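Annotated in TrEMBL:
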type	residues	note
DOMAIN	42-292	domain 'Nucleoside phosphorylase'
BINDING	ARG82, ARG126, ILE127, GLY128, THR129	phosphate binding site
BINDING	GLN205, ARG207	substrate binding site
Amino acid sequence: MCHRQVEYVKNPHLDSMEEDILYHLNLGTKTHDLPQMFGDVKFVCVGGSPNRMRSFAQFIHEELELPGNIADIRDICEGTDRYSMYKVGPVLSISHGMGVPSISIMLHELIKMLYHARCRDVIIFRIGTSGGIGLAAGTVVITDKAVDSCFRPQFEQVILGKVIIRSTELDEDVAQELLQYSSELPDIPTVIGNTMCTHDFYEGQGRLDGALCSFSTEEKFEYLRKANEAGVRNIEMESTVFAAMCRVCNLKAAVVCVTLLDRFEGDQISTPHDALLEYQQRPQRLVVHFIKKRLGLIS
């Protein structure tokens, strides 16, 4: 299994394994020809919802004008109910569930898969939804820095009883390229700013509408103001571990999320369903525009 020309993994133990079973993706190095299946992958797009990532794969298929019927695009991970994965030309579309633990499990196996498939020069995007801080609903935020709940650009993980801290710095060139291309899509308002990653949707994000609430309305708004002053423009639940793992594993990465509401104006998402669907497509459209530019399909 030794193929060190691709340094996406940082685990010396892998080379001594006769077989690597990517359990949650329903793939393995003995059961599947990973280089044949995935060797041409150049772009990976990950998002929370399986249905959304299937729709994104169909959108990619149409935008790249690939042969075949979109109805024939199948879930490569259909043997498991954990994640869904679709391959469309040089693009992978994968669901990651909600929260740091769910996306980190997927990323471990995805990054090993890219390694075993001998992929090169891959760019990985997290596309999704978020809560805005001082931004109108429907604004796309390209993440400058992924920060924790204390506004620090780092990801903390307990490993063997010790706290390990990893940087959450994302690829600056990819972020700036995305921002530049957003100007060519005038119906998609786009900003660049810090994204705060929390470990909870309710209290962890300062919401007043959960089953528990241990703070006052005034404390909530004080926290949101401090976040805004620290450059935070949106809140979600995956960006820090995504940025940290991609950075350690030499993967160029970007986070592109749309805001579904301004948290200064409320906690519950009351936007009409049709508008939400259109908002959710905005990060997809920007990333597809980026991919088409990189592939030379548009000037």
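In case you wondered, yes, glycine gets a Cβ from its N, Cα and C as well.
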Task: In whole Å, note down how far the CA of GLN205 (substrate binding site) lies from the CA of ARG82 (phosphate binding site).
output: 25
Cβ neighbour count within 10 Å of GLY128 (phosphate binding site): 23
Statement: Of all C-alpha pairs drawn from the phosphate-binding set ARG82, ARG126, ILE127, GLY128, THR129, the farthest apart lie at a distance in Å of 20
Task: Under 8 Å Cβ to Cβ from GLN205 (substrate binding site), same chain, six or more residues apart: give me those in sequence order, or none if nothing qualifies.
output: GLY131, THR198, ILE235, ARG263
Statement: The number of other Cβ atoms within 10 Å of the Cβ of THR129 (phosphate binding site), counted over all protein chains shown, is 21
Message: Between ILE127 (phosphate binding site) and ARG207 (substrate binding site), how many Å separate their Cα atoms?
response: 23
Statement: Ranked by how many other Cβ atoms lie within 10 Å of their Cβ, the binding-site residues ARG82, ARG126, ARG207 are led by ARG126
Average pLDDT across the domain 'Nucleoside phosphorylase' (42-292), rounded to a whole number: 97
